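Straight from TrEMBL, the features:
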| type | residues | note |
| --- | --- | --- |
| SIGNAL | 1-22 | signal peptide |
| TRANSMEM | 172-189 | transmembrane segment |
| TRANSMEM | 195-214 | transmembrane segment |
| TRANSMEM | 221-241 | transmembrane segment |
| TRANSMEM | 253-274 | transmembrane segment |
| TRANSMEM | 300-322 | transmembrane segment |
| TRANSMEM | 328-349 | transmembrane segment |
| TRANSMEM | 361-379 | transmembrane segment |
Amino acid sequence: MAMASCLLRTVAAAAAADGSQSFNPTSYRKRKIAVKTLKSFQIPLPYCSPPHLLNPPLPEVRNQAMAKENGGSEEPKSQEIWDFARVLWTFLRPHTFYGTLVASCSLAVRVWTENPNLMKWSILTRAFCGLVELLCGNSYIVGINQIYDVEIDKVNKPFLPIAAGRITRKQAWVLTTSFLVIGLSTATFNSGPFLSSLYCFALLLGTLYTVPPFRLKRFPIAAFLCIALVRGFLVNFGVYYASRSVLGLPFQWSPPVIFITTFVTFFGLVIALTKDLSDIEGDRRYKIITFATKLGVRRLAFFGSGILLLNYVAAILAAIYMPQAFRQTILIPTHTIMAISLIFQTIALDQAKYTKEAASSFYMFLWKLFYAEYLVFPFV
């Protein structure tokens, strides 16, 4: 009621200021339109309501206001962490990371399932440290390759973090050096002298492949031998040796291990040959001689597919002529399916006229076949 009186006095003062007819608040109260009728409205008058009740903030506005009250740092920090994780994952080249991970686990599982009575919980700790060594070594090799190939990657792989400007060379050096130090430290304390030496040799080959003045990637034969040796022989032999060593068993070749080591070494040759199918533009511009620049994309694709098909045929023949060493019901159908899928992918690449996107997709399909081989291996 006091608020209504205030309103009436305000209206009267306004009327008097305009020189209009005088206004009697007392008579106004006696009119039919009584101020009391305003009480029947449940909605408060606009001038009586605080602004935040009339216009409540939207949820996102409320969240931003709360973030400001809390220092405004929670959401930006979480976004920064997420962005860095995505950049780091791209920097690690996931397809090679997965290859090392699957190969290591597959070989270890094969050895341990053959000797379940020798398993102990402490072995898992050493196995985990060994896996860290290998993944850090893989990360060092792909990292140093990106540092020295920035200009080429701007043409061939502009999505990579350094080429895309997502991280600087200095930051890349910090990451790569960290992987190297962690890997070498873990190998020193977790593995014996022989395995540590083998590990260092693999890192040396990866360094010579990229770093001037050696830069073995400039020479096709030296380049694919480095990749095949590290990805094929050294990883398989080293992991198999380490897996038997932690069980207290002497090293001993077996038909399945000979098979996977030989198979993947040739597979490594195919990966080394076909990895440059989509990089031919940048390699030619910076005078990097590869089999792709010498033979052409089409010839190289058919050549690599031919080697891999012979690999699958050899695996099927090994199962047929050595039934005592392999499970025919697993080895034959799985490798038949993989061989047929390879044929279809090669035809699809040819029909796509060997575009950069098609060549890159074909190369990534080969990596999927690589993973599949190791996933099947414990069961053959």
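Each Cβ is built from the backbone N, Cα and C atoms, and glycine gets one as well.
Fair warning: this is a prediction, and the values are worked out from it, not measured in the lab.
Long-range contacts of the transmembrane segment (253-274) within its own chain (CB-CB distance under 8 A, at least 6 residues past either end) are made by residues 103, 107, 110, 223-233, 235-237, 240, 291, 300-301, 303-305, 307-308, 311, 314-315, 318, 322, 325-326, 362-363, 366-367, 369-370, 373-374, 377, 380. Long-range contacts of the transmembrane segment (195-214) within the same chain: residues 133, 137, 140-141, 144-145, 148-149, 180, 183-184, 187-188, 223, 226-227, 229-230, 234-235, 237-238, 241-242, 245, each at least 6 residues beyond the stretch ends and with a Cβ under 8 Å from a Cβ of the stretch. Beyond the ends of the transmembrane segment (300-322), by six or more residues, the same chain brings 255, 259, 263, 266-267, 269-270, 273-274, 276-277, 291-292, 328, 331-332, 335-336, 338-339, 342-343, 346, 349-350, 354, 359, 362, 366, 369, 380 to within a C-beta distance below 8 angstroms of the stretch.
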